[in-house]
Amino acid sequence: MVHPLLFLEFFRKLLEPLHMSEAGADAVAYTWLIMLLLLLFSFLATRALKMIPCGLQNFMEVVVGGVENMIVETMGEHGRPYFPLVATVGLFVLVSNLIGLIPGFFPPTANINTTAACAIVVFIATHVVGIKRHGIGYIKHFCGPILWLAPVMFFIEVIGHLSRPLSLTLRLFGNMNGHELVLIIFFGLAPFLVPLPMMLMGVLVSFIQAFVFMLLTMIYIQGSLEEAH
């Protein structure tokens, strides 16, 4: 999908040597923008830490504390080491979703390449964590509880695990791309007031999709940490 009006449209010219599509160039440009915004926001929130937080530091502590509590409630205390991964992916997805509600900005998560990249990171991290925890014994997760059914269960489990990044990719992409298309249509028909309800719904959809992505990330990692039976 090519957005009709973008502030960073000039990036398409800069990325022409890479032979990217216009939609792909838009996704790359706004992905970089979001990474810079997150880095800048984090720097401003932590450059002058105080015992009694205020302003951006207070907001950041609320966000970090909320994500940390969600990880502990979902995975237990042993989930704390995976906070950087879960929080980074979650915040990136959330900001990517929300930025599309600003006219002239494109949500990178409305491009399937961005959602696939996030899903692949989660997929690889899940199995790296599992192998690190269990070593060669991690293969038991794919064999099932009955020895003579192991070959069949292995095949089924492999398909199930490969479907995880696919479902993460398509769920997020489908929701955000669909919402972006509806907004473009509404803005084309009646640019004032009419798109407002869809934009408000977009805020809710953005938070829900980011929450679901984070929750599934935690569930997948938790599953790789458990002992196989």
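Cβ coordinates come from backbone N, Cα and C, glycine included.
For 25-45 (among others), the entry in Swiss-Prot reads transmembrane segment, with the evidence type sequence analysis.
According to Swiss-Prot, the feature transmembrane segment maps to 86-106 (among others).
Same-chain residues lying 6+ beyond the ends of the transmembrane segment (111-131) with a Cβ under 8 Å from its Cβ atoms: 1, 23-24, 26-27, 31, 82, 85, 89, 92-93, 96, 138, 141, 161, 164-166, 168-170, 172-173, 176-177, 213, 216-217, 220-221, 223-225. Annotated transmembrane segment per Swiss-Prot: 111-131 (among others), in sequence order, evidence recorded as sequence analysis.
The transmembrane segment feature in Swiss-Prot is assigned to 142-162 (among others); the stated evidence is sequence analysis.
Residues or ranges marked as transmembrane segment by Swiss-Prot: 181-201 (among others).
According to Swiss-Prot, the feature transmembrane segment maps to 202-222 (among others).
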Leading contact stretch, 25-45, 86-106, 142-162 vs the transmembrane segment (202-222) - CB distance under 8 Å: 86-106
